[in-house]
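Per Swiss-Prot, the features are as follows:
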TOPO_DOM  1-23  topological domain 'Extracellular'
CARBOHYD  ASN3  N-linked glycosylation site
TRANSMEM  24-47  transmembrane segment
TOPO_DOM  48-55  topological domain 'Cytoplasmic'
TRANSMEM  56-77  transmembrane segment
TOPO_DOM  78-98  topological domain 'Extracellular'
DISULFID  CYS95-CYS187  disulfide bond
TRANSMEM  99-118  transmembrane segment
TOPO_DOM  119-137  topological domain 'Cytoplasmic'
TRANSMEM  138-156  transmembrane segment
TOPO_DOM  157-193  topological domain 'Extracellular'
TRANSMEM  194-217  transmembrane segment
TOPO_DOM  218-234  topological domain 'Cytoplasmic'
TRANSMEM  235-257  transmembrane segment
TOPO_DOM  258-270  topological domain 'Extracellular'
TRANSMEM  271-290  transmembrane segment
TOPO_DOM  291-312  topological domain 'Cytoplasmic'
Amino acid sequence: MVNQSSTPGFLLLGFSEHPGLERTLFVVVLTSYLLTLVGNTLIILLSALDPKLHSPMYFFLSNLSFLDLCFTTSCVPQMLVNLWGPKKTISFLDCSVQIFIFLSLGTTECILLTVMAFDRYVAVCQPLHYATIIHPRLCWQLASVAWVIGLVESVVQTPSTLHLPFCPDRQVDDFVCEVPALIRLSCEDTSYNEIQVAVASVFILVVPLSLILVSYGAITWAVLRINSAKGRRKAFGTCSSHLTVVTLFYSSVIAVYLQPKNPYAQERGKFFGLFYAVGTPSLNPLIYTLRNKEVTRAFRRLLGKEMGLTQS
């Protein structure tokens, strides 16, 4: 095994062969990051400060917003430095931290999105028992389970990836330190790591996504049985935002972690990795707020209070 502590780190290639594209991506990534900071911070503040948003749905949403803030902050600053300047290296320690955070928070988001689907299932299919089933204690327990599973997954998979003997050039064909990219960088047999990724993908991607699809199948069946068109629109409206987020997140993560072994898929995987690391966290607040009248009204109430305090 190579002594990784004595190595200078890795070279993140990204799109270094296209300098013009890197400048464009710098603007896109910076804009997305600023939107992520503002949008997700606003959702957390509204969920905490507005009593009308003190419900399980917004508790889970604020968890998702906090998770997205941490997720993007773990990689975007380094990514911006690499996109803007000639220096595209990352130290072994920074790469290790980045992988650990990526795995932990990515896994947590997979589980949390499943929990949110369960919350919507109970709200639509068992409305009379919703308050009894989804009580505050259960909310905290489910959120804690999501975070713990993410931590355990990262503790298990990060060391086995970082202890691989890497090729001397240490050129990572990606924007960030991702597990698939580092496995491809190894000069020796990586069958164990590939099996580990495949097994983890089943439990973290396939199983949660299947549960989400089952939940939304039951939700769709229940909504179609509602007699009034207004009731159907309201029920679908509360679930469409979450389903959109699930589609964007899972499609991009699956494209990165379950991609076939060919150069085209790997090149495409870089774009998908960039999208789920930067794009989805910036879009989530917009998706959840644009069609959500409760959040819009909460923002107006908060803005009205601030205006009143300023005038007084």
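Glycine residues also receive a Cβ, built from the backbone N, Cα and C atoms like all the rest.
Most Cβ pairs within less than 8 Å of the transmembrane segment (99-118), among stretches 24-47, 56-77, 138-156, 235-257, belong to 138-156.
In this structure, of the disulfide-bonded residues CYS95, CYS187, the smallest number of CB atoms within 10 A of the CB marks CYS187. Within its own chain, the transmembrane segment (235-257) has Cβ neighbours under 8 Å at 57, 106, 109-110, 113, 116-117, 120, 123-124, 178-180, 197, 201, 205, 209, 212, 216, 219, 222-223, 226, 268-269, 272-273, 275-276, 279-280, 283-284, 287-288, 291-292, counting only residues six or more beyond its boundaries. When Cβ distances are compared across the two stretches, the transmembrane segment (24-47) makes no contact with the transmembrane segment (194-217), since fewer than 3 pairs at least 6 residues apart fall below 8 angstroms.
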